[in-house]
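Participant: Quick one: the structure is below, questions incoming.
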Amino acid sequence: MQVTVQPSDIAGVIIAPASKSSMQRACAAALVRKGKSIIGNPGHSNDDKAALGVMQALGAVITSHTDTELTIESNGVNAVNPEVNCGESGLGIRMFAPLVALNKQAMRIDGEGSLRNRPMDFFDDTLPKLGVNITSNNGKLPLGIQGPLKPKNIEIDGSLSSQFLTGLLMAYAAAEASNVTIVVNDLKSKPYIDLTLKVMDDFGLPLPINNNYESFYFPAEDATQTNEPVISYTVESDWSGGAFLLVAGALAGKIVVKGLDPFSTQADKAILQALMDSGCSMSVEANQIEIGPTAKGIEGLKAFQFDANDCPDLFPPLVALAAYCQGTTVIEGVHRLTHKESNRALTLQDEFGKMGLEIVLQDNLMLVKGGLGLQGANVHSRHDHRIAMACAVAALRASSETVIEEADAINKSYPDFYRHLQQLGASVNVSEAMPS
Ligand SMILES: O=C(O)C1=C[C@@H](OP(=O)(O)O)[C@@H](O)[C@H](O)C1
Ligand SMILES: C=C(OP(=O)(O)O)C(=O)O
């Protein structure tokens, strides 16, 4: 798919999409618990669809599914299909692999696209310590796994990704871990663990005691949880996708974004701090955010400093914002970007470079030399949803039209993104690319 974005003003009201982080966790929790789970506001991104497929392969049954509600019945993890496919979802494989390992039978886990190149050697190191046999393709997919996983005291590295810990926490809860501790060294993306614990709590799963994100202790008896026959959970609106809408508003608004909860545990609500520091005009309420440029227009936006070590998915929207802020914006956390859908520091540098933006990488810092204007260009998503969305947002204020190749990458997290920009009045033309 090819998308052409013309420089545009935007206005109006838009509802942020469902969070794939919240939806995928809800699928895992609904699988793990015994009983019926009713999930409101279910997402329909490719990552969400992959999670539904994995959950069904592991024994959960979808009894009804509409745009607004999904009902799942489960009796705990009990695979009905020895093959699971996590699509392109990093969270999907890293959260579900330990749940797959709860089965006695031999299982195979595979994925697609960029996921086949992302590191999974954590499992080669960790799962055997929990009684699981594993084979991998030199630390990459596909994985062969045979359990059952038995919770034990274990020490893991949390510096590459928090997603492995999310999977172990879910699996330990499912296996009724008792008097065991997961020690985690150098955990990154900590708020994502808060979201995991919140979803586990909402689904009534046994909860570990979080000792400052350094260790997670599952007590011998967990008196706090109840075994409700039916659980209702509403998938949160997505601060990660919402960040692109908010930046679009700050550059080309005024718009109102609805649905984003300022009290969410989602890491990417930290976009609010960067937006405030940029000087854009913003009013945050419990159920809506109104946002536009400064009183002086886009020229009044100023460079900012931001630590994205714990919210790495904000880099792409932050670069789109910083491109139009006067001065050099400094964003910390570049090391967190190497193993995403693309090597994101480099793809941001390349693709925004085509629009005339200078981005300098200095060890863990990204320096964005903003405020000089961008030109429209022919850019490429590099098969990374967040690169496509960042280019589309930046294109709203470029001097001429921007064409985004392989723009359908957005389906991974936010399939309605271009439609939402169109609803806000942006000139966005979606066409299938001509076969070469
Ligand atoms: O748990 C999650 O939902 C996610 C955690 C983060 O990954 P890392 O923990 O690898 O930073 C984030 O980048 C990813 O998009 C989603
Ligand atoms: C990196 C991402 O997701 P995941 O790791 O779950 O594939 C993302 O959504 O930007």
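Yeah, the Cβs are placed from backbone N, Cα and C, and that goes for glycine too.
These numbers come from a predicted model, not from an experiment.
Just lifted these from TrEMBL, have a look:
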| type | residues | note |
| --- | --- | --- |
| DOMAIN | 6-421 | domain 'Enolpyruvate transferase' |
| BINDING | LYS20, SER21, ARG25, SER161, SER162, GLN163, SER189, ASP313, LYS340 | 3-phosphoshikimate binding site |
| BINDING | LYS20, GLY90, ARG118, GLN163, ARG344, ARG386, LYS412 | phosphoenolpyruvate binding site |
| ACT_SITE | ASP313 | active site, proton acceptor |
Participant: When the Cα of LYS412 (phosphoenolpyruvate binding site) is compared with the Cα of each of the binding-site residues LYS20, SER189, LYS340, which one is closest?
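Facilitator: Comparing Cα positions, the closest of these binding-site residues turns out to be LYS20.
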Participant: Considering Cα atoms only, can you say which of ARG25, SER162, ASP313, LYS340 is the nearest neighbour of ARG118 (phosphoenolpyruvate binding site) among these recorded positions?
Facilitator: LYS340
Participant: Pull out the binding-site residues from the set LYS20, ARG25, GLY90, SER162, GLN163, ARG386 whose C-alpha sits within 10 Å of the C-alpha of ASP313 (active site, proton acceptor).
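Facilitator: Those near ASP313 (active site, proton acceptor) - Cα within 10 Å - are ARG386, in sequence order.
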Participant: Can you go through the recorded positions SER162, GLN163, SER189, ASP313, ARG386, LYS412 and pick out those with a C-beta less than 6 angstroms from ligand 1?
Facilitator: SER162, GLN163, SER189, ASP313
Participant: Long-range same-chain neighbours of LYS20 (3-phosphoshikimate binding site), Cβ under 8 Å, sequence gap at least 6?
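Facilitator: The list for LYS20 (3-phosphoshikimate binding site) reads GLY43, SER45, ASP47, ASP48, SER89, LEU91, ASP238, SER413, given in order along the sequence.
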Participant: Give the subset of the binding-site residues ARG25, SER162, LYS340, ARG344 lying near ligand 2, defined as CB under 6 A from any of its atoms.
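Facilitator: What lies within reach of ligand 2, judged by Cβ under 6 Å, is LYS340.
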Participant: For a quick check of understanding: among the binding-site residues ARG118, LYS340, ARG386, LYS412, which residue's Cβ has the most other Cβ atoms within 10 Å?
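Facilitator: Result of the Cβ crowding comparison: ARG386.
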Participant: Give me the non-local Cβ neighbours of GLN163 (phosphoenolpyruvate binding site): same chain, 6+ apart in sequence, Cβ-Cβ under 8 Å, ordered along the sequence.
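Facilitator: Listed in sequence order: GLY90, LEU91, ARG94, MET95, SER189, TYR192.
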Participant: Suppose you look only at the domain 'Enolpyruvate transferase' (6-421); what would the mean pLDDT be?
Facilitator: 97
Participant: What does DSSP say about LYS412 (phosphoenolpyruvate binding site): helix, strand or coil?
Facilitator: helix
